[in-house]
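Features as listed in TrEMBL:
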{"type": "DOMAIN", "residues": "B:19-117", "note": "domain 'Cytochrome oxidase subunit II transmembrane region profile'"}
{"type": "DOMAIN", "residues": "B:128-246", "note": "domain 'Cytochrome oxidase subunit II copper A binding'"}
{"type": "DOMAIN", "residues": "B:258-351", "note": "domain 'Cytochrome c'"}
{"type": "TRANSMEM", "residues": "B:41-67", "note": "transmembrane segment"}
{"type": "TRANSMEM", "residues": "B:88-108", "note": "transmembrane segment"}
Amino acid sequence: MSTIAVRKSFLSTVWEYLTTVDHKKIAHLYLGAGGFFFLLGGLEALFIRIQLMKPQNNFVNEQLFNELMTMHGTTMIFLAAMPLLFAYMNAVVPLQIGARDVAFPFLNALGFWLFFWGGIFLNLSWFLGGAPDAGWTSYASLSLASEGHGIDFYTLGIQISGFGTLMSGINFLATIITMRAPGMSFMRMPLFTWTTFIASSLILMAFPPLTISVFYLIFDRLFNSAIFDVTLGGNTIIWEHFFWIFGHPEVYILILPAFGIFSEIIPTFSRKRLFGYSSMVFATILIGFLGFMVWAHHMFTTGLGNVANAIFAVATMAIAVPTGIKIFNWLLTMWGGSIKITVPMIWALGFIPSFVMGGVTGVMQGIAPLDYQLHDTYFIVAHFHYVIIGGVVFAIFAAAHFYWPKMFGKMLSEKLGYVTFAFFFVGFHMTFFVQHFLGLMGMPRRVATFLPGQGLDLYNFISSLGAILMTIGVIVLLVNIVITSMSKQQVANDPWGDGRTIEWALPSPPPYYNFKQLPLVRGQDTWWLEKMEGNKELPPAEPLQDIHMPKGSILPFFIALGLFIAGFGAMYNPLNQVGDGHPMGTVVLIFGLAMTFGTMLLRSLRDDLGYYIPKEELEDDDAKGGKVS
Amino acid sequence: MKKWGLYLSLLIFALILTACGEPYLSTLKPAGEVAERQFNLLLLSTGVMTLVIVVVVIIYVIVLIRFRRKKGEEDKIPEQVEGSHKLEIIWTIIPIILILILAVPTVAETFNLGDVSERDKVDKDGNRENLVINVRASLYWWEFEYPDQGIVTSQDLVVPTDEKIYFNLIASDVKHAFWIPAIGGKIDTNTDNENSFYLVFDGEKADEAGNIFYGKCAELCGPSHAYMDFKVKAVPRAEFDEWVVAMQNFEEPEPQTAVAQQGKEIFENSCIGCHAVSAENSMPAEARIAPNLADFGNRTRVAGILPYTKENIKEWIQNPGDIKPGNLMYDSANFSEEELDALAEYLMSLKAQE
């Protein structure tokens, strides 16, 4: 009897998640799928470090190494870091601005499913003839020469999930522009909302170049065009430009939300408002703007000429100024505060020195003539892991602890949190600090192995040991999540006690409609303001009335699935470069596209007006203590 | 606690001191003008950046010591400071100054190191004044053509010390990058167009490094990217000139032994379609599809990476796919032991100079 009941509720939960358009549930989906890909990418990283533990190691062969290295980068950037940040954006941003959902809930779900199917598509390459092997940058001459379908999995997978990212970016822009609660002016928005806003506008402008260039590569490999084929009059440098016009803003798409997360955590646990709020906003915008001006610093050795190199060198160094402003503002936020050490705060405290390390090596690489030595060596590997792990991953871990109670109503264990931090932080510095020197000592990046007798053995060994410590840290975090999920606890609205922004005024997790009455925002740090005046809740901006809600839908799932199917059709079409095409490929391509566009048509023709939660039901919830299932 | 920190910083310092690498490979032991200038930029920028880190760390440590929430202060609400224009202006202006300090030498050196205007300068007889070497990168080997000397070699680059040498670089299949860390930064060998730059090999430093520098491919180019090494023999100008003359006059020696004679026959049946054994560059670049073996007897390595022994030559001829997977020669051959011996002996006899 009871097993049937559990089974049924399990299936209904699955169905609920497949059809949900609720930003909080989509946040769970992003967290789950992004977390899964994070573990996958981490495992690939571990294999890389095991292979490089000693010279001429034979743990994996050269081809497999290139596949692991490519998939590690691609997975971490596109399928782990961005989705995990989207998880927190979805969970928190609508609450922070006092909205009941995002502007386009249906699009939000579609964005997730596109990312999900794109990621699955890319990873199926492991089982279908080999993963992509040309690096996450997939430079055109090598990616055209690559055998098998690995690169096609890369291009099609990135394309599908890229659509999703673009949609999510547009959605957040629309949400933040149009859905702010009364009184929530732009200059009252919490920093995480601000950084989400700027990162979304970067997505809007940076993803189209990627989409276009990836389409070109798809056409070259699958339909015999010759855009990048030098022997037929094509040009490969254009791929480098396109890729980095996307690729450089991409790193700001990752780091800005991370800055936002720390700009929430540091004031909260310093019990002090963010120092220099306006300059923080200004610095964010400036970083976003300059982020588009510096792409060619990835191409200093391509041979663009002295003038281009000099201009891009100086532009690159200029980014240090707004970034420095942020660092000092965080330090001064803590200055004079009352700092409480918690797990989110310890990650923030670990972030500051780690990120500064990564930032200064970035400036060093901006010095073009010096970069001729540093480019494509382990120095750059150290640099971007210092900013991406020390910045983005630390932020993801900090936010996991910080927002877990808001997302799931439970606190992650503090004790295990510190254990994770200790292992991961020490392991991280051990892995990557020595890599600076490996690069300076002459070790190129992306090498499947290295020969003995070049003075590189010791540091590679230390680096690999560090990777093992990081792995232990992540395993402890997983244990923590499992233990917490099984515990029966229910935290209050403001479990950290010092919450400052609107989300902490709501139950944990918030009811599915978020706000019974939209709040009236009377200033920056809205919830802190009310608390200081002795208020127990936010003042309402509207009378209690029926709430209009969107209906769930399975259509986003099928729109994305159609592209996933079409991807296989395109890959095995009769024209493809590998020569294993099949007439059925075209049929599958058409079937998949028909599924996508048919479902979209269905969505367009059938009016979905949503539904209303009657006022009476909301009042009833009050009697039950505001808890809504 | 304090002592622990001291030990830690001593340890880090010791690590940094030992972290200079090998003189034939490390950018931290520059052995030429270009690497020297780049090393100076490294020192300057590291200095400035250390200053930044020190300032941040000092503020950070003070904050953590002074402003931790203490017992009995659980309800204390600190003053909510909005900001400080004075401070914010200070930490905007000072970084700008620091960046200007870096930007001036950056721009200057970009133009210095990228200056190839002297490359084609000729004396009154119409001969180029500087040595020019055309580098062609292929999966997974390097060709060095000396256009003014009319010779071609591969895998071992031979250069004179203490003078500017100009390089023109291109790739013949996929993109690679040409890098001799101890001598100077890298430059990509594009498939689309030729790049140019110059390097200088310091005579004294070359002596210290044993006259051999390690060169690397720095751009991912396939499974054997890690094995796409080359070696640089940096010798005084007089010695270089002797080598050039020897190469120009190189004529395939008559095999001295019966075994070598047999090797020559096998070579002429199986290998000569791709591999030239004459240093003269009479063929166009497109036709030079495999490494030139003219001076093979004096190579420093087999296939750019293996120690130069007869056993390794035989192993390479028989199973190149195991040593450099993805290479374009073949994956494996089935020569008999006798044939391999003969081929190896023949190849080792190909010397321009003793």
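Note that Cβ sites are derived from N, Cα and C of the backbone, with glycine treated the same way.
Below 8 angstroms of C-beta separation, residues 41, 44-45, 48, 51-52 of the same chain, each at least six residues beyond the ends of the transmembrane segment (B:88-108), sit close to that stretch. DSSP states for the domain 'Cytochrome oxidase subunit II copper A binding' (B:128-246), grouped as helix (H, G, I), strand (E, B) and coil, give 19 helix, 61 strand, 39 coil. Break the domain 'Cytochrome oxidase subunit II transmembrane region profile' (B:19-117) down by DSSP state and the numbers are 63 helix, 1 strand, 35 coil.
When the domain 'Cytochrome c' (B:258-351) is classified with DSSP, helix, strand and coil residues number 44 helix, 5 strand, 45 coil. Across the domain 'Cytochrome oxidase subunit II copper A binding' (B:128-246), mean pLDDT in this model comes to 95.
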